[in-house]
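Reading through the structure tokens given below for one structure.
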């Protein structure tokens, strides 16, 4: 079965006070439905909007068809009427919409987006369904075109250098055209596209116009002449003329029959971005450029001599115009702003008031054309309300090309002429000054206002909050876990607000933020979304929840649990229905067995014999309710709360949290009750397993080796032999229930040395034998195992298969559920906004393609779609509370006593290098120090009846510790020096100077190693830490005899552990998550 591409999950936070009716970012696409008087717009926010417009504006002459003074008067007095009304909108895409087109008699809106999809939206349908995907590219889709309103297909082109023809009815791809560049393949991207029933034209960065047959996909010809990217293309109705606009500031007209360029129009002085025409023969067309200039060109009556046409500067936008459309008396422009402007059109067919010089030139052209033809080719239309017309300035008339006779390219003022006449012969001629352009309209007739969208963001150090800046200049603080804004800072600079709200933390990256669509989108990737954790005592919850000490919350699992809460409820309901059918058959068999069972005599068991409830392969000692708890099984059995999830191969199981502290204390051994690492994400060796037979336990030494309670003396034979020698002394040591027990920290701290390298290699050499044995077992049974879908559905199939196996093994036992989502004390309850969008995406070569989109409220109803398209790891996280396995990140550090005021914990060989999980807190390091430098209190004696003797104070905590005793963080302090450790000579001789050089900084007890390294130590080498007493408790030095005897042998140290560690194998402070 082919493995799926990597899938990711995104969720989009709702903007505050957002309502339908307008774009949040710039507009890239416009389309006009003149039959229904609807304007469609597609924006960079992925939204397609529909606007109702006044029908009178779509009729030529129905409004102001000529430039009059009344328009300026009305606008100056603020009395221009609002003729556009919001109709509807849809969130069609998750990325920029680059182009839109109308099809199917203006009933379908086709959109092309940077999310790789081509979609069709039918806003006139009775049910007004969401946009449907009709095609997908491998990279950004830049353009879409339709030949006419009667065809049933559309064409799209993108950065994947492909042109596709798509069936509007959902039939998929009907034709594929590869347009890779001939010389440079990457330049074959398609930026512009135009099509009619007989010809398809495309262009892009290659600066070549290519013509294709839309029926066969074969290339017809190509046009070479542009020197920069081709941005827009028009094809006339007959298919014999092509018009192209380029970033080289020109518009070219090509003859298909002649196979060459006929005209090069140069009315623009900047990159030309857009072309539009409703004329079948392209005699009247509109163009716009990067500078914001909108131009109307009319070449009717010139009989192919475009140099004699009229080109007028209609309007000037403040930003580059990405799209221009016109209908009747209106022109609409789209820019990088969220608003759309409507401008008054100029009817060039009327006898408008032109400058006298141009009027004479145009009249001579008309006369010349009439002499050549018996029928005049140009007949002016009588003026409409001619008395109110305003003469068009000569500065609004553009020179259509470099070969045009009028207007002249050099239009200097009289003062300039005077200066040029007095020029000396040695003077250099000044460069020609381009005539200044004065558009007819300086302000639009109407502005369709947009909304404010996010344009900038800054993720804070805790990686749970983010600052955003919107187009209005407002700064907002968001909570990524609660999916809602926290605080608004008004119109301020983002950089000024950040220091006010940022914290001194270092959290592993677990998500990425995207504001390219104007909204706050959080992206979760499977390779790192479970890396970040936070301590439960840092949470602020509405409802109190009792957590274990130093319990950590996985951020990725937490947010996924409640994004898909309705989906989990739906899957539990379906699982109950499935098991009910299975259990009905079981109950029938039980009922039939009771009716038909023969009478039997019950034989009483012999005295002292205890009935065992476990399988016969697992023996249990008489008189014991539970089997003896070994270190290897302690962690596995320390997971209370919910049913144990089935452990799937290659999967990491996250231990479930206890319901309350009492059940937690009863269900775990005393050593593990205060174990900081018991609630961490276990390594694969420490994965909770079902009960194993003794033989099975023997075959898995790695599990025992990873247990938190066992001292790992497995490096060499010398250490193994020493276990038996030290066994008696270990029993006489401190009780395992103490918070600073020797055994606990042996597993949780390690000394880095050459021995560590040999130990690691030795251990690594032992593991493959076990792995290979398991692999052989799996290979031998693989022929009989079922294959499951590599998707969310595959997890459900595995659960159902487990139910069938259970019925086959125990046909008379009812099937219990194996779905075990995380509990509230593992993932505290979140009440997410119902409108928060949830998106499933699949990684492709050009980006990510959308597989599913819904909301927090609809994921339950869409369970069938998610089961089919969702990733398998998502199903394991939601239904089995299991996250993908990953090695923990550790930080190395060394510990020194401050000025040798306290005993050192350095090993006999002088090495005191330690490593621990990056989330380890300072107070745990102090606990480790306290255990090794201070004398151990007397061991609680066991009485004959098994009860322990009371503590000295008479008060004890749940773990057996003296309640009145000071905690290590109460009498010890930890400092970090950001300078290299000063030599001892200067340390003792220059105390004051040393204090300055060491720049010691007292560390908060809740600071983690990751934060310490990132914000305090700020270096890549091992962190140097110094521990110091604050005077609240006196800590004596060990006797000198203890320091001189035995070297590496165990001595009568007051701590009982200080010198034993010198010969033991390195251990880890945190076998962490």
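Using N, Cα and C of the backbone, Cβ positions are placed for all residues, glycine too.
TrEMBL has this to say about the protein:
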- 716-733: compositional bias 'Basic and acidic residues' (COMPBIAS)
- 939-954: compositional bias 'Polar residues' (COMPBIAS)
- 631-788: region 'Disordered' (REGION)
- 934-962: region 'Disordered' (REGION)
- 1036-1073: region 'Disordered' (REGION)
- 20-54: repeat 'WD' (REPEAT)
- 90-121: repeat 'WD' (REPEAT)
- 134-168: repeat 'WD' (REPEAT)
- 183-222: repeat 'WD' (REPEAT)
- 223-264: repeat 'WD' (REPEAT)
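Residues of the same chain lying 6 or more positions beyond the ends of the repeat 'WD' (20-54) and with a Cβ under 8 Å from any Cβ of it are 83-102, 105-106, 109, 111, 113, 115, 121, 123-124, 131, 322-328, 330, 332, 334-340, 448-455, 471, 516-519. The highest tally of CB pairs under 8 A with the repeat 'WD' (90-121), across 134-168, 183-222, 223-264, is held by 134-168. In the repeat 'WD' (223-264), helix, strand and coil residues by DSSP number 0 helix, 24 strand, 18 coil.
In the predicted model, residues of the repeat 'WD' (90-121) average a pLDDT of 94.
Counting same-chain residues at least six beyond the ends of the repeat 'WD' (223-264), those with a Cβ under 8 angstroms from any Cβ of the stretch are 191-199, 201-205, 207-211, 270-277, 280-282, 285, 287, 289, 304, 306-307, 401-402. For the repeat 'WD' (183-222), the DSSP-based tally of helix, strand and coil residues reads 4 helix, 19 strand, 17 coil. DSSP states for the repeat 'WD' (90-121), grouped as helix (H, G, I), strand (E, B) and coil, give 0 helix, 20 strand, 12 coil. Across the repeat 'WD' (134-168), the DSSP tally of helix, strand and coil residues reads 0 helix, 20 strand, 15 coil.
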